[in-house]
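Trainee: If you scroll down you'll find the structure; I have some questions about it.
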Amino acid sequence: MAQRHLWIWFLCLQTWSEAAGKDADPMVMNGILGESVTFLLNIQEPKKIDNIAWTSQSSVAFIKPGVNKAEVTITQGTYKGRIEIIDQKYDLVIRDLRMEDAGTYKADINEENEETITKIYYLHIYRRLKTPKITQSLISSLNNTCNITLTCSVEKEEKDVTYSWSPFGEKSNVLQIVHSPMDQKLTYTCTAQNPVSNSSDSVTVQQPCTDTPSFHPRHAVLPGGLAVLFLLILIPMLAFLFRLYKRRRDRIVLEADDVSKKTVYAVVSRNAQPTESRIYDEIPQSKMLSCKEDPVTTIYSSVQLSEKMKETNMKDRSLPKALGNEIVV
């Protein structure tokens, strides 16, 4: 009786082992954002396949083998136009991968003999890494020796990214080195890597501390802050001085206008020549002269000017030539 139970247990164990062997271990799949990924089924006897059901959180697609081509029914809208089945092998291809496509996928392969083989896949989606950026900071110490910190980073925060440095082989995104003027220039290369891509960049360090005062990037903000504070004080001061200058200039212009309005200008022509006022008086002869000519007698007489003419004479005293009054007889 005990021997019979042992045989039954052995048969059950063998059956369970065969069933477990048909279900492959979960496979890890790495996909690249925007590209495609292929889920390999490795079906040994395609002709025995009745149908294949793909699921990921919910139903994805249903494949029914046909005479010439498999019939594919996409049951989830987000995969429409992006799923393809490779004929005769029934491998599933997803194109134009998105970040939300990551997750667990399960394929239930149903054979004609009503046996089901299940395969499970874990899909991860990654971006291709761009060239990393290396930043350098240093602190000077005695004897022109400085401690240099090199930091390597990628453009965006990415998962599963590892960093390494050459020639030292440091496995970190930060590299600490000590450099002195006696050291030769060295080139340090940072390599960033994720499961689907890798990228690298290099920097050369050549006498960074020679005749260089102590420097640390954290204190680099201080001069910039002082410059901003200086500008905040200088700009309002310049604006105030300009406004004061403009107000004073306007006041001077107004005073000049008032003075010009009160000033009377007279125009004197230099070419004007004064005219002489002369009064002529002619004395007729009472008698006919004889044949013997008598000497001509000339009489000069002074004429008194009237009050009106005196006033005119007083106004014209400034002229270069005084007016004369002469009577010729």
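Numbering starts at 1 and runs along the chain as displayed.
In case you wondered, yes, glycine gets a Cβ from its N, Cα and C as well.
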Trainee: With reference to Swiss-Prot, specify which of the listed residues C146, C152 is paired with C190 by a disulfide.
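Mentor: Disulfide pairing in Swiss-Prot: C190 with C152.
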Trainee: If I look at Swiss-Prot, which residue among N143, N147 would I find recorded as N-linked glycosylation site?
Mentor: N147
Trainee: Under Swiss-Prot, which of the candidate ranges 172-177, 298-303, 322-327 is annotated motif 'ITSM 2'?
Mentor: 298-303
Trainee: Examine the ranges 5-10, 233-238, 263-268 and name the one recorded by Swiss-Prot as motif 'ITSM 1'.
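Mentor: Feature motif 'ITSM 1' in Swiss-Prot: residues 263-268.
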Trainee: Sort out the sequence-distant neighbours of C190 (disulfide bond) for me: same chain, 6+ apart, CB within less than 8 Å of its CB, listed by position.
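Mentor: P132, I134, L150, C152, Y163, S164, W165, N173, L175, S200, D201, S202 - these are the non-local Cβ neighbours of C190 (disulfide bond), listed in sequence order.
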Trainee: Note down the number of other Cβ atoms within 10 Å of the Cβ of C152 (disulfide bond), including every protein chain shown.
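Mentor: Looking across every protein chain shown, the total is 23.
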